[in-house]
Amino acid sequence: MPEAKTVTINMGPQHPSTHGVLRVECELDGETVVKARPVIGYLHTGIEKTMESKLYYKAIPCTDRMDYLAPMSNNLGFVLAVEKLMEIEVPEKVKWARVCLTELTRVASHLVWLGTHALDIGAMSMLLYTFRERELIIDIYEACAGQRMMSTYFRIGGLSDDLPRDFDKKVRNIIKVIPERMKDYEALLTNNQIFINRTKGVAVISAEDAINWSLSGPMLRGSGVKHDLRKANPYSGYENFDFEIATGTNGDAYDRYLLRLKEIRQSLRIAQQALDGMPEGPYRAHVPGVVLPPKEDVLHKMESMIFHFKIITEGFKSPRGQVYQAIEAPKGELGFFISSDGTNRPNRVRVRPPSFCNLAALPALCEGRLFADVVVAIGSIDIVLGEVDR
Amino acid sequence: MKEILKALINVFLKMPQGFVVTLKHVFKKPVTLDYPREKKPMAPRYRGRHYLERYEDGTERCVCCGLCAAACPADAIYMEPEETPNGERKAKVYEINLLRCIFCGFCEEACPEEAIFLGQEYEFSDFNRDSFIWRKEDMLVPHPRKDNPFKRIIRRVRRVYGVPDAAR
Amino acid sequence: MSTSTTTQPAVKMVTLTINDQSVTVPKGTTVLQAALGAGIHIPTFCWHPKLKSVGACRICYVEIEKMPKLQVSCATEATDGMVVKTESDIVKRGRKAVLEFILANHPLDCPTCDKGGECDLQNLTFAHGLDDSRFDFLKRRHIVPGVPSTFDDLRIGPEIMLNRNRCILCYKCVRSNKEAFGEYDIGAFERGNAMEINAAPGEQVANPFSGNLVEICPVGALTNSDWRYKIRVWLTQTTPSIDIFNSSGSNILFYKEDHKNRIFRTISRRNDEIDDGWITDVARYGYQLVHSPDRLQKPLMKKGSKQVPVEWEEAVAFVARRLAEIDDTKGCVCIGGLASPTLDLDSLHSFSKFMRKVIGTNNLDFRIDYRSLPEKPDSAFSTLSSQPFTIAEIDTSDVIFVFGSDLVKEHPNEYLRIRKARNFGRPLVYSVNSFNVKSADVADREFIYAPGTEEVFINGLCLAAIEENPGLSGADGLKRKISPADLNSAAKTCGVSAEDLKALARTLINGKKISFIVGDQVSLSRDREVIAAALCNLNRLVGITSRGQMAALARYADSIGAEKLGLIPNPHPDVKRALTDLWGGFPEMAGYHTEGMFSQMLKGELDAMVILGANPVAMYPDHEAVAETFEKLDFLVVADLFETETTAMADVVLPLASWTEFAGRYVNLEGRIQKAERAIKPLYESKPAYAILADIAAAARKPLFSSAREREEEIEKVLACTTVRPWPGDYLDVRPPAIDKDPAYPIMLIIGDDPHHRCYVTEKAASLVKFCSDAYIELSPELAEKFKVEDGDAVRVESKYGKLMAPVKVSRVLEGDVVFLPRNFSVTRANSLVSRKARIDWVRINKVSG
């Protein structure tokens, strides 16, 4: 019997640092990873197919459940895709509110990433601090939509309800508080030699490789590619906001950490602008037959009652055609492709999830490196298995 | 030599920055709640357990129109209408399967009678799966919600009349 | 409309432009029809393809060049060179305005309204209207006095509820009731803002077609209890099916819910060849019997003196064993079978093969309630009943002759056809009967002949035809064969004057296209052979079928199918040959038909019966004699939906699946094969008849078919044979038999179906029972006056054979010494009054005091 040169080890699917139920098949030669193969599908819920079986408006809650750390971004992607299909122009206020909320979502998502990534590497207290800050944003979700995680706040053509009265105050509080707290994070990590040793030069990917692997979001920008859909292909009124695209240089885990901190700051800057410039106006577009009429009208106007009844029971007929709408989600390019056959349900929904595409580069990040770096690599990609498997 | 110096800087200058942060938090008030004894007040829009409302005279507001069931993305609502002795429509069976319910609030949004709404409560645990299927009686209970924004236009006869001027 | 165009042969065509599309239509077509024909959609409320236009709702606005204002397209005739726009801005604005006006007073009832989800008003508002209202004021409300409900629903009939608040006054209900059904029990009252639809004063909307009013109501103003507050329409699925209560086979659509395995309602599935989209209430509410709690749930077996529920295996094994025993000991001659002509083709053919191949007997029949059956295989009546008949041909006939039929009760679809022919053309319609019938209201003239003189009347018609046109061939030959042979004595005997006979004969001779319908008064008569012979003579003399059609119409949903599959002891020779080829043999014995089997049973020479879906004890004439006959049986196995008088006497009772519970094919009276899809899974443990027979045959180790495919192929081959029998080559003898009449029984009794019932099963359908829950004695106002009875008084009806008691219903139709008794009710079985031997059932009645 020939002597085995390598050992194959399964990391996951139940492993604390695989962020859910990811399984990585690692072939090890001693401490060195010869081969790493991500195995996915343990959280497959058939979200795309479920969406195809539902009326357009009933598919929105499905999107919440993909990247459950950034529900508003998912909502926005789907809602924008349907609005593009239906050619709906939403009121300015809706656009600004959506921008404000999705930027807060980015902050929340990055905070969770920061906490869990630091925890993976051994910095326990980061998790407690970032979750404390995230709670402020979750409170905003709750005040707006009534749910702390699965917000389902955005609707086709607007929002489910107007922004709450104390929205402005609460968000300004967040904008004030978080940068201060971020000083603590940097004190804990940025100059921490252990953290630096664990992340610097680890999970490196060059700009060229990043593009070739079709990476997006911080994974791409961390390698120095200045690409952000908010600038490259503005949606929901992003062209009105002044912010910078943060980039890294080395394309290693440490750069991506710095980059995400920068993004949090930029996001808060955008949220600030959104609050300052929040226009007055309706929270829903007036599109008869697609957007529900105001509830008060439904209660005493026959026409509104009929439209309400028909939209709820039958939905609306979409025009034949195909749309693709991508947004810059916290984790990268989140795209929704909808193919419509002219009925009231999408014929095909396909999601381009950033986690899934970014995860594909995992072998490139850790092959030839130490086994302990696999954890860092997975962490720095920032995956959510709900989105990977859908 | 340079290496040693760098290590020393790390140990004595950089690492303590982090220790200062953690030490600082020792003196801060905890942000967590002692949950079962202390509860967080939920936002007014919070989507918790379902309630069915009644009119002032005690009759059920729900007419079993089926819009909530039609709007429910999780198909959690089952209902069967019946005719009351005086010829009106009401629900004979109205069940919500809380195990299926995703608390999206679409039912509340769809209800054309303002009959169903989601309250503040969120503690549903039980030992028995059957007890998660809530019947009409479980939801037709007094509820803490004070102000329905549309109360002034919901009157029993508005279906036929439109809004009386007095109620505007 | 097809009728109006085909009755006017030279049609001028006009060409107009609709939305830049050139459309050529016959002159007289409306712009709306032209557009619809070209595939251009125009919204409508009040327009109905089978009714005349009124232009009440005005939603069908179109813009026509050179006309100053928008025009309603349903009431504007298309003319040459017209330029029409249906989607211009001004049209869209017009539609919005119309909808706004219609909705101004519409209550916000969508949540409580059962029409919600399939409502024309909702759909058109959603498609063409605004989603905001400018009329925000108190709405008009029709309050129903004395009802605490805020819903303002008013019951205007046993099934129908009216909500006048929701009504948009399209008048479709009133119009269809008047034009299509000839009923006047619903109307529009008051004027202006107060205008309302309501039942005629003191009337209930209870005509046999009233369900259609609910179906065509574009809003939820008319609803029926059947569908009221049961389920939302978007939760249901639909299944196409066939009405099996009617030999026309109207096309229907079931709304069912798969999880509940329940049908919720029936609506029509318009088939212009058969039903024009109108179905009877029996077809509409008949499905309810499927869900009756009285359905047989498990097989029953007589153990001791009681029938106890058993498992299928036990029952089937027992049936197979007992039949084999009887076959072994007494021979297959002693086994007989009856199958209902409402069963599907698969079941009927399985039955035929089961009896003939597995048991080897030829004692089988499907004619379950005919009074008397011919001994001869090729009788004049078989000829008459096998003639082809096409329902749609009635539309274009110029002479329609209804002989011996109360169409409303027997063939409602044909009744509506004749009415339609009269609405859109100018046919001459004659109704000839021995008593006054409701369907005569569609006739130009009604003739009443003396009871039991059908053949004399037809002879008289022949003689009158000869007098009118002496050149008719073979007149002398005919005169020798019939008696009386002169017109005046025939006229005197039958009670129709010679002038009238001549006038009738003239129209028959001159008619360009004749539809001659022969009904149950002939089909069920003891002497139907003689009457059929007279009709054959008439056809030979006048040549009706060379210019149209003439047939004794089939009575049940699959009568023609049973005939074609050879379910009689002496099938058509072609059918017999086909069956012999398929099975490699055919029982050599002659076999007995229903009547023959009963007399053999009485003699003790027939010991076992297999009955599928029939209830001869209750439906065959002479209740007591039939019951006595069945008691003599050694072994009786009955498959049925319900416990009946017949199953009560059975040794084994098998639960039969209804036509909704499996896919079956039926042959309607035109010979059209139609499929009823499976709507629900069989309820309880019921099984379709073909499956039951296959099980029994398998238990007897003589499998019926190797596969369903084989069964299908056999049926295809048998159906390919024609069963149309040629007209006789010569005139037939017509000697009227004597009519027995006892002066002690002076009143003629007519037995038939109530307009809201069919056979013995529909009393399990709750809605139909609301229309008529129990037997009644319908008698003429003269008789009512004579016996001093009013509606609801109990009377005793006595014949030589039996007596029964029933409440009185004073007829609006009957005249003279005639009473009508429905046969549909188990409490009062009409067949106890009649005899198989009598031509006319004579009865006497007296009032029951107190």
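The backbone N, Cα and C atoms fix where each Cβ goes, glycine too.
Taken from TrEMBL, the feature [4Fe-4S] cluster 1 binding site covers B:Cys62, B:Cys65, B:Cys68, B:Cys111. Under DSSP, B:Cys68 ([4Fe-4S] cluster 1 binding site) is assigned to a helix (H, G or I) in the three-state scheme. Around B:Cys68 ([4Fe-4S] cluster 1 binding site), a 10 Å sphere centred on its CB holds 26 further CB atoms from the protein chains shown.
What TrEMBL lists as [4Fe-4S] cluster 2 binding site is B:Cys72, B:Cys101, B:Cys104, B:Cys107. B:Cys104 ([4Fe-4S] cluster 2 binding site) carries neither a helix nor a strand DSSP state and counts as coil. For B:Cys104 ([4Fe-4S] cluster 2 binding site), the number of other Cβ atoms no farther than 10 Å from its own Cβ, over all displayed protein chains, is 26.
Sequence-distant contacts of the domain '4Fe-4S ferredoxin-type' (B:53-82) (same chain, six or more residues past either end, CB-CB distance under 8 Å): 88-98, 100-102, 104, 106-117, 136, 140, 143, 148, 154, 156. Annotated domain '4Fe-4S ferredoxin-type' per TrEMBL: B:53-82 (among others), in sequence order.
Among residues of the same chain six or more beyond the domain '4Fe-4S ferredoxin-type' (B:92-121), those with a C-beta under 8 A of the stretch's C-beta atoms are 42, 46-53, 60-65, 67-82, 129, 132-136, 139, 143-145, 148, 150, 154. Per TrEMBL, the feature domain '4Fe-4S ferredoxin-type' maps to B:92-121 (among others).
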Residues from B:Cys65, B:Cys68, B:Cys101, B:Cys104 facing chain C - binding-site residues, CB under 8 A: B:Cys65
Extra residues within 8 Å (Cβ to Cβ centroid of B:Cys72, B:Cys101, B:Cys104, B:Cys107), [4Fe-4S] cluster 2: B:Cys68, B:Ala71, B:Pro73, B:Ala74, B:Ala76, B:Ile77, B:Ile96, B:Ile102, B:Phe103, B:Gly105, B:Phe106
Site of maximum Cβ density within 10 Å, from binding-site residues B:Cys62, B:Cys65, B:Cys72, B:Cys101, B:Cys111: B:Cys65
Other CB atoms within 10 A, centred on B:Cys107 ([4Fe-4S] cluster 2 binding site): 25
Candidates B:Cys62, B:Cys65, B:Cys68 (binding-site residues) - the one closest to B:Cys107 ([4Fe-4S] cluster 2 binding site) by CA: B:Cys68
Inter-residue Cα distance where the pair is B:Cys62 ([4Fe-4S] cluster 1 binding site) and B:Cys104 ([4Fe-4S] cluster 2 binding site), in Å: 19
Rounded distance in angstrom between the Cα atoms of B:Cys101 ([4Fe-4S] cluster 2 binding site) and B:Cys62 ([4Fe-4S] cluster 1 binding site): 19
Near-A candidates in B:Cys101, B:Cys104, B:Cys107, B:Cys111, the binding-site residues, by Cβ under 8 Å: B:Cys104
Distance from B:Cys72 ([4Fe-4S] cluster 2 binding site) back to B:Cys62 ([4Fe-4S] cluster 1 binding site), taken between C-alpha atoms, in Å: 16
Cα-Cα distance linking B:Cys111 ([4Fe-4S] cluster 1 binding site) and B:Cys72 ([4Fe-4S] cluster 2 binding site), given in Å to the nearest integer: 11
